[in-house]
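Asks: Sharing a structure with you now.
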Amino acid sequence: MQPVRFGSPWIMAIGLVLLLLAFVSAGKSRQRSPANCPTIKLKRQWGGKPSLGLHYQVRPIRYVVIHHTVTGECSGLLKCAEILQNMQAYHQNELDFNDISYNFLIGNDGIVYEGTGWGLRGAHTYGYNAIGTGIAFIGNFVDKLPSDAALQAAKDLLACGVQQGELSEDYALIAGSQVISTQSPGLTLYNEIQEWPHWLSNP
């Protein structure tokens, strides 16, 4: 049996196969890479207090419920943190909630703030807290839209949630006003989200 020499056709063929496999593997890795998740400030970063009770959500989550906070708007950690701290205190102390009621909140500069996050139930929408993620835009959006940065951050958060397995790939997007007695997320924002993917007109 002749020894295999460097530069022989066999070595060259094996090298080409390995090179091809490397390209295929790299392509698959790029396809599996997570979406560009938005900047998310964790609860400890905005000065949030620990939850008073731990009620976990079953994931992947089936519903996303959009709200607005009916507060002033904010940009930047300092201003948004003040609003969030006051909101959490009101929800825990006055409404007897375990935590701030929303899973995520979005400032007008497009920064996302962790509320109860993906893992814990919020208290945003009766009947949907255990099966839905509540996302609230900080501000009042009856007569106007959130900024483009805030809207894009919400879309990026949803795409990121699907990529990471937190949201079901066929999740349904709804407004709070569709399922409970509230004007949230405000008429103008309500009209906007009807054009988003996964919108469910009759929940």
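Residue numbering: from 1, along the chain as shown.
Keep in mind that glycine also has a Cβ here, set from the backbone N, Cα and C atoms.
Residues or ranges marked as disulfide bond by Swiss-Prot: CYS37-CYS160, CYS74-CYS80. Annotation comment: Swiss-Prot describes 59-186 as domain 'N-acetylmuramoyl-L-alanine amidase'. The annotation region 'Peptidoglycan binding' is assigned in Swiss-Prot to 87-90, 97-102 on the grounds of a curator's inference. Swiss-Prot lists 1-26 with the feature signal peptide. Taken from Swiss-Prot, the feature site 'Interacts with peptidoglycan' covers THR182.
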Asks: Quick one, of the disulfide-bonded residues CYS37, CYS74, CYS80, CYS160, which Cβ has the fewest other Cβ within 10 Å?
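Replies: Looking at the disulfide-bonded residues CYS37, CYS74, CYS80, CYS160, the Cβ with the fewest others within 10 Å is that of CYS37.
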Asks: For CYS80 (disulfide bond) and CYS37 (disulfide bond), what Cα-Cα distance in Å is obtained after rounding to a whole number?
Replies: 20
Asks: Restricting to the domain 'N-acetylmuramoyl-L-alanine amidase' (59-186), what is the model's mean pLDDT?
Replies: 98
Asks: How about long-range neighbours of the region 'Peptidoglycan binding' (97-102): same chain, 6 or more residues beyond its ends, C-beta under 8 Å?
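Replies: Same-chain residues near the region 'Peptidoglycan binding' (97-102) but 6 or more away: 48, 51-55, 67, 69, 84, 87-88, 91, 115-116, 120, 122-124, 134-136.
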Asks: In the region 'Peptidoglycan binding' (97-102), how many residues does DSSP call helix, how many strand, and how many coil?
Replies: 0 helix, 0 strand, 6 coil
Asks: Whole-number Å distance between the CA of CYS74 (disulfide bond) and the CA of CYS37 (disulfide bond)?
Replies: 21
